[in-house]
Amino acid sequence: MYLAVALAMVGAATFGLDQGNFGNVQAFESFRAEWCVGRYGDAESCSELGSLQNDRWQDFVTWGASLITFGAAAGAVLLGPFVTHQLGRKPCIQMGGAVCFMGCLMASYLSFHNVAEFFLGRFITGLGVGLSCFALPLYNAEISTPQIRGATGSIFQLNVVIGCFVSCLVTLLDDDWYFGMVLPGLAGALLVLGGFFLPESPRFLMEKMVHQHPEEAFKCGLRSLKRIRSGDVKPEADQIFEQIRAEMETKHMGFRDLFRDPNLRKRVLIACTLVIGQQATGVNAFLGYAATLFKECGIENPILFDSIFNSIMILGCIAGLLLVDSPYAGRRSQLLVATALMGPPLTIAGFALRFGWPRIITMASVIIYGVGFQFAWGTIPWIYPAEIFSMSEKESAVSCAVGVNYVANAAVVYLTPGLMKWSTPGTLQIFGLLNILNALFVFLYIKETKGVPLEDIPKLFRPRSASTSVRLKAVKAAPVCVVPVKDTREDVKRAVSGRGVDGRNKDATRNKGLTSSNKKLVETRKVVAWAHTLDCLGSMTSFHALPPFPGGWLHSETRKSWIQGRFCR
């Protein structure tokens, strides 16, 4: 499983390599000589300093940076859902690598000094990146176990960061713009070759064949699962297959279907807002215009500092990867901590530039910001959308989220030059404020999904009022039960778990222990009556989600039988 995820996530490196390479290549003298001199200005207006004030050249650079994100959005929204639904996750990943390779060749060695050819190559490069990056979160979510799904998904962003670092290192040592521009394509070619050794998603195989050949669908999914798991995988295969069969009557959802059901609409809006928040952090302003932005920040060797910046961000990404599925952190908590590491430092960096504070303050603030981004905001917005949708919803919903991500990316890349021309300190402070707004969004709307099976995650987003209504209906319909409880929660736990039948409160028993004047007893009535409604009617529904008590107490078949025999009459 780990090898399959690591190999597939090379697709993320295509995006990272492009973010890092173009941010530096645009400052190469050879690149300006190829595209600026004689077309957008003379030798002086296309020089290292003159190009910063050359509006026509800056427009060319902006479109060169933006077209890859427009192409990625098109790949994720227009092509990705069709390819993954009809052909599978693995072919979509491979196809993205091949398209990226062709686009990089068109924007470098096959550009022939033609602006239209260069721009078309940039768009096609993005198309390939979008195809791969759309399928990768789906693939990871479907082949990883719930306990490590976040960690394996974080490999996506780790490869993005490593790609950025490698491209910075290569462009620091070699100023040949042709080779710099083809770097993402090399990762794409590796992805095409490595894809032949990847197993297909077991969930996709079962879902694709279950309508016509259920038995063969199960066997294919089981074979694929055995390639990525050790030990007895049949119980997991049974669970996946049963969930897919339960969804058989649900048709594959299109984009319009995503906004009809309130719960689904809420999840779609949360996923899209989360990826917009990722771009609102401002990271792609730093990556897309690294040489220019760091130069404006007063850093003498911006390409060297960009290499240091990306190397330190790797540490933040590794820390986030190790913690995202640990008992000490999770999706929600890491996003909140990361925001605290990003907003204030950017604001301080803006003040440092505005008031001429020592340069080291700006550099340290930017590095702290970068570590904070990779600790959570670089990884979790790629993991989270693939977790919160069912199989019938996932392709369209994740396509929507990834497409919105790249459109927001394009907006940041397009607007950043104008913001920097207005005020570099102001640009940093605007992004600092947006990071603070991100914290508010996470606090209000993000639910923790760590360790939760994919099939159960959509239930987390049900409105509280609806859940309460369901429970109250269950209380009204519950059988009359004698509940052996005292006025303590410990006795409630003992009674419900079957350990406290001898410690009855006679008054409570005589009055059935259900007096509304006592809050704890009312709470007891709701929980136990809800359990009775399910159990006394013969339902074997899992009791693990019964608030306010945690799960272990009612899981046992023995305990459920004890409740049925003791309380139901």
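From the backbone N, Cα and C atoms, a Cβ is placed for every residue, glycine too.
Database features, via TrEMBL:
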- 1-16: signal peptide (SIGNAL)
- 4-450: domain 'Major facilitator superfamily (MFS) profile' (DOMAIN)
- 60-80: transmembrane segment (TRANSMEM)
- 92-112: transmembrane segment (TRANSMEM)
- 118-139: transmembrane segment (TRANSMEM)
- 151-172: transmembrane segment (TRANSMEM)
- 178-198: transmembrane segment (TRANSMEM)
- 268-291: transmembrane segment (TRANSMEM)
- 303-323: transmembrane segment (TRANSMEM)
- 335-357: transmembrane segment (TRANSMEM)
- 363-384: transmembrane segment (TRANSMEM)
- 396-416: transmembrane segment (TRANSMEM)
- 428-446: transmembrane segment (TRANSMEM)
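Outside the transmembrane segment (60-80), and at least 6 residues removed from its termini, the chain residues within Cβ reach (under 8 Å) are 15, 18, 22-23, 26, 35-36, 40, 92, 96, 99, 103, 115, 118-119, 122-131, 133-135, 288-289, 395, 399-400, 402-407, 409-410, 413-414, 417. Cβ atoms under 8 Å from those of the transmembrane segment (396-416) belong to residues 62, 65-66, 69-70, 72-73, 76-77, 80-81, 126, 130, 133-134, 137-138, 252-255, 257-258, 264, 267-268, 271-272, 274-276, 278-280, 282, 284-285, 288-289, 293, 381, 385-386, 389, 427 of the same chain, restricted to positions at least 6 beyond its ends. Between the transmembrane segment (118-139) and the transmembrane segment (178-198), the number of CB pairs under 8 angstroms, six or more residues apart, is three or more, so the stretches are in contact.
Sequence-distant contacts of the transmembrane segment (335-357), counting only residues of its own chain at least 6 positions beyond either end whose CB sits under 8 Å from a CB of the stretch, comprise 281-282, 297-298, 320, 329, 364-366, 368-369, 371-373, 375-377, 380, 424-429, 431-433, 435-436, 438-439, 442-443, 446.
Of the ranges 151-172, 178-198, 303-323, 363-384, 428-446, the one with the most Cβ pairs under 8 Å to the transmembrane segment (268-291) is 428-446. Ranked by number of Cβ pairs under 8 Å to the transmembrane segment (151-172), the listed stretches 303-323, 363-384, 428-446 are led by 303-323. Per-residue pLDDT, averaged across the domain 'Major facilitator superfamily (MFS) profile' (4-450), gives 88.
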